[in-house]
Amino acid sequence: MRKVAIYGKGGIGKSTTTQNTVAGLAEMGKKVMVVGCDPKADSTRLLLGGLQQKTVLDTLREEGEEVELEDIIKEGYRNTRCTESGGPEPGVGCAGRGIITSVNLLEQLGAYDEEWDLDYVFYDVLGDVVCGGFAMPIRDGKAEEIYIVCSGEMMAMYAANNICKGILKYADAGGVRLGGLICNSRKVDNEREMIEELAKKIGTQMIHFVPRDNFVQRAEINRKTVIDYDPTHGQADEYRALARKIDENEMFVIPKPLEIEELESLLIEFGIAN
C-alpha cells in the first residue's frame, strides 16, 4: 500500500486535484482510500457525487466512543473509500489536533487492514504546514510520498518551498520523501518553465502540468470529477496522465528548500516579479 499526501497552499486546488487523480487511479483498477485532512471537509465530495460526508470528529462528538468503521467511511466512485477528519467548531480547539485524533481512530478501527486490499491511501492536507497537527502525515510516517500542488504564483511557490522545509525536517525520522510538484496552472507567464526550474533547484521533478480549464469547475458544479462527468474530455486525459505518472513514479527525494533570496531571483528571472 502506497501512502501519499497532497499538500499545497490554501485555494490552490488540492482537493480538486486529489479527487480527479484518485478517479484516474480508480479507473486503472486501483483500490484507493482518501482521507480528508481539512476542516472544510471537501476532500471527497466529488467522489461521493456531492454528498457532504459526516466527519470523523462530528461523528465522535455525537456518538461518543461507539463509532463503527462504516459510520465514518463511505464508498465513492469505483469503490474508492472516503473519509473526512473534519475539524473543531470554528473558534474552538485545534484543527491539527483533529487530524491526529481521526487518523488514530481509523487505525484502531482497522481502516488500513489488509482485508480492504488497498493499493493507495491519499491524505488531502490543508494549506501550508502551519502547525504540528497538519504536519502529522509527514511526521508520524503516515504518508511516505508527498506531492505538492503549486502554480506560478508567488505565494504558491513560497508555500511549496515551506512544505519542503517540513519534509526535510522529518525525512530522517519518518522516512517521508518528496515525489514531485504538480503544477495546477493559473496561466501565469512562463509558468511551466518556472515550476520546472523550481523543481530542479529543490532536487525534484514537476511530475505533471495540469492546464487550466473551466471544464473542471463545470464538473464540480455537477458534483463529479472530470473523469466521471465526461470521460472523453481532454481534461480527463490530463488527470489520467497525472494518475499514471504517480503510479509509475520512482523519483523520491529529500528536498533542498531554497533560501528566500533564491526564490525571489527565480521569480524575477521568469518575469513574474517585473
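Backbone N, Cα and C define each Cβ position, glycine as well.
What Swiss-Prot says about this one:
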- G8, K9, G10, G11, I12, G13, K14, S15: ATP binding site (BINDING)
- C94, C131: [4Fe-4S] cluster binding site (BINDING)
- R97: ADP-ribosylarginine (MOD_RES)
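The two recorded residues S15 (ATP binding site) and C94 ([4Fe-4S] cluster binding site) have their Cα atoms spaced 21 Å from each other. The binding-site residues near C94 ([4Fe-4S] cluster binding site), taking a 10 angstroms Cα-Cα threshold over the set G8, K9, I12, G13, K14, amount to none. You'll find the Cα of I12 (ATP binding site) roughly 23 Å from the Cα of the residue listed as 'ADP-ribosylarginine'. Look at the binding-site residues G11, G13 and count other Cβ atoms within 10 Å of each Cβ; G11 has the fewest.
Rounded to the nearest whole angstrom, the C-alpha distance between G11 (ATP binding site) and R97 (ADP-ribosylarginine) is 22.
For the recorded site, K14 (ATP binding site), the DSSP three-state label reads helix.
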